[in-house]
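Accompanying notes for the structure given below.
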């Protein structure tokens, strides 16, 4: 009997390999997701169209045919489906982005399709960086500036739908002009301590009017903030070339001037409002691509980099054996998303570990984003790569187990 009792403590001290579950995970119940039709239970093809377990739909802010990038720049239009994304959670999983890709073949001026994929990468880079210190992310409509001058709607040279945000409008003259816009400190019950705001313009300056060359500049300005673009490079007539370019700005609540020198006025109509939490938690992003029949891009992978983001790349093409169509119901992603069904012990690029062997300290830096190769239940000395933070819960569990075995032995001895 003594050997049986000694078995349990010796087992506890044995180093056991940890095999991560590849895919996103969460350590606490305070998590949320952002998605598209592959996580949208309101889609008529659901649940066959889902890449996530159906019971997780309430955890995701999702809209079929939409994306967070697309929704920031456009309103609902025949070519675009906009959605007011809104979700809150200390830990965040992003699985969207494919609805704006080379398949859409979008270009506004001379930047081309590749130029817009670069803008998509810039947007998601800033979104993921800002989201690490925010619990809530909410796309909001901004109040239109008052006392707008006479404006004519801008157009794309390609006859595509010009982005609605920011608004790019043609002035009736070239007198330097400013209008005020406000980034609010709250939206409903959501506190906005920061905003993700697009700043877009046509580059290379010098827009021609009546054969004359006019410089061009735009800016967002307040007493404590300035961001602008100015270019007077002459490009006249048929040689004149312009790219639609966007930068994505971290801006605080307040009143700003949108100013212009030249032909166009640019001001924002939407922003992603975010609050601020007192810890930094890297976000997780899953590769969002089409099946091989359509062109995809790697913007999500390029945007999601350590230390602010953990990227989960597919290892096979988008492949469906039991979905609603060739682009909904990928076998590999469905398997990857199973890790979201339960709390995990640690999160890393290699996956999550659904073992209750780690303390809640794993959500804080520098623990979040790493998992040990082995665990030892009691021993916390030595190499940090093979030991994890033990907790009194597990110590108590093993002590109780030993006590129960001893008690059973005593009872058996008493009746014998």
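Yeah, the Cβs are placed from backbone N, Cα and C, and that goes for glycine too.
Because the structure is a prediction, the values reported are computed rather than measured.
Here is what Swiss-Prot says about this protein:
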ACT_SITE  37  active site, nucleophile
ACT_SITE  325  active site, charge relay system
ACT_SITE  328  active site, charge relay system
DISULFID  41-57  disulfide bond
DISULFID  88-136  disulfide bond
DISULFID  200-246  disulfide bond
DISULFID  206-213  disulfide bond
DISULFID  304-309  disulfide bond
DISULFID  346-371  disulfide bond
CARBOHYD  76  N-linked glycosylation site
CARBOHYD  257  N-linked glycosylation site
CARBOHYD  278  N-linked glycosylation site
CARBOHYD  313  N-linked glycosylation site
CARBOHYD  322  N-linked glycosylation site
CARBOHYD  343  N-linked glycosylation site
REGION    4-121  region 'Esterase domain first part'
REGION    264-379  region 'Esterase domain second part'
SIGNAL    1-14  signal peptide
TRANSMEM  394-414  transmembrane segment
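Positions of Swiss-Prot features highlighted on the structure.
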residue : record                           : Cβ neighbours (10 Å)
37      : active site, nucleophile         : 24
41      : disulfide bond                   : 16
57      : disulfide bond                   : 19
76      : N-linked glycosylation site      : 12
88      : disulfide bond                   : 16
309     : disulfide bond                   : 25
325     : active site, charge relay system : 11
343     : N-linked glycosylation site      : 14
346     : disulfide bond                   : 27
371     : disulfide bond                   : 25
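According to its DSSP assignment, residue 37 (active site, nucleophile) is helical. For residue 313 (N-linked glycosylation site), the same-chain residues 6+ apart in sequence whose C-beta sits under 8 angstroms from its C-beta are 287, 301. Sequence-distant contacts (6 or more apart, same chain, Cβ under 8 Å) of residue 304 (disulfide bond) comprise 94, 124, 128, 283, 285, 310, 311.
For residue 278 (N-linked glycosylation site) paired with the residue listed as 'active site, nucleophile', the C-alpha to C-alpha distance reads 33 Å. With residue 328 (active site, charge relay system) as the anchor, the candidate recorded positions are 76, 88, 309, and the one with the nearest CA is 76.
Taking all protein chains in view, 21 other C-beta atoms sit within 10 angstroms of the C-beta of residue 246 (disulfide bond).
DSSP labels the residues of the region 'Esterase domain first part' (4-121) in these numbers: 38 helix, 20 strand, 60 coil. Helix, strand and coil counts under DSSP for the region 'Esterase domain second part' (264-379) come to 20 helix, 34 strand, 62 coil. Listed in sequence order, the recorded positions from 37, 346, 371 having a Cα within 10 Å of the Cα of residue 309 (disulfide bond) amount to none. The Cβ of residue 278 (N-linked glycosylation site) has 6 neighbouring Cβ atoms from other residues within 10 Å, across all protein chains displayed. Residue 136 (disulfide bond): 20 other CB atoms within 10 A of its CB, across all protein chains. Neighbour counts of Cβ atoms within 10 Å were compared across the glycosylation sites 257, 322; the minimum falls on 322.
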